[in-house]
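First the structure, which I've put down as structure tokens, then a few questions once you've had a look.
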Amino acid sequence: MTRDELRRKLLQTRTQLSEANRLAGAKAVAERVGNYIAARQPNDKVAAVFKSFRGELNTQPTITELWQQGVQTVLPVLHPFSPGHLLFLRYDANTPMVKNRYGISEPALSCQQLVPLAQIDWLFMPLVGFDNHGNRLGMGGGYYDRTLVQWRKGLLPKLRPIGLAFDQQYLEQIPVEPWDVPIQQVITPSRHWNFC
């Protein structure tokens, strides 16, 4: 199967999950993230999380868990001057939100709320599918692959990219392109996968 065919199949599988499975999955992932964060060093304080869109795992329980543990939370924002790239802005319950060109909620652009990628400890990422080697299949825009280029080169040593997904998004193998950046971990409702 091609990447596009796999993407369509996985998106269909994801949208067919029952509401009960979605709710239970979101709660289970939030609990796993909470346990993971609680076991880390106290100097780990900044987490980037995505706002769920089109059937993605609901990240609001994870965001709430991060807030309860005192972790500063940031959300991705489409870069206004560098197409295909992301910025990260602080996010709390009072952050003004806007819809980007894809219809995804993101913080209203504010230079005062900008957090450099080098200050982020955890990058919780969306994905369409993942395999046993940490390869992830995204929506096809390459935003997170471009974000992780510096990490792949070893220039962001404290950053830990972690995918958040339903168990049904696992595949034995995903075809890889030269620009794809594998991630080290994925958290699903039933398991915390480590690939390094």
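Cβ atoms are placed via backbone N, Cα and C, with glycine included.
Unlike curated entries, TrEMBL annotations are predicted automatically.
Annotation source TrEMBL lists ATP binding site at R3, D4, E5, L6, R7, R136, L137, G138, M139, G140, G141, G142, Y143, Y144. Positions annotated as substrate binding site by TrEMBL: E56.
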Hey, what's the widest CA-to-CA gap across R3, D4, E5, L6, R7, R136, L137, G138, M139, G140, G141, G142, Y143, Y144, the ATP contacts in the record, in Å?
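Greatest Cα separation within the listed binding residues comes to 20 Å.
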Radius 10 Å, atoms counted are CB only; among the binding-site residues L137, M139, which position scores highest?
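Within the set of binding-site residues, the most crowded position is L137.
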What is the interatomic distance between the Cα atoms of R3 (ATP binding site) and the residue listed as 'substrate binding site', given in whole Å?
18
Under DSSP, is the residue listed as 'substrate binding site' helix, strand or coil?
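DSSP call for the residue listed as 'substrate binding site': coil, neither helix nor strand.
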Could you say whether, by DSSP, M139 (ATP binding site) belongs to a helix, a strand or a coil region?
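The residue in question, M139 (ATP binding site), is coil (DSSP, three-state).
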Taking each of the binding-site residues E5, E56 in turn and counting other Cβ atoms within 10 Å of its Cβ, which one has the fewest?
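Fewest other Cβ atoms within 10 Å, among the binding-site residues E5, E56, is found for E5.
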Which whole-number value in Å describes the distance between the Cα atoms of M139 (ATP binding site) and E56 (substrate binding site)?
11
At the Cα level, what's the spacing in Å between L137 (ATP binding site) and E56 (substrate binding site), rounded?
13
Cα-Cα, whole number of Å: Y143 (ATP binding site) versus the residue listed as 'substrate binding site'?
16
By the count of other Cβ atoms within 10 Å, pick out the sparsest of the binding-site residues R3, R7, G141, Y143.
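The binding-site residues R3, R7, G141, Y143 were compared, and G141 has the fewest Cβ atoms within 10 Å.
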Measuring Cα to Cα, how many angstrom lie between E5 (ATP binding site) and the residue listed as 'substrate binding site'?
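The separation of the Cα atoms works out to 18 Å.
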Any idea what DSSP makes of R3 (ATP binding site), helix, strand or coil?
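Its secondary structure by DSSP: helix.
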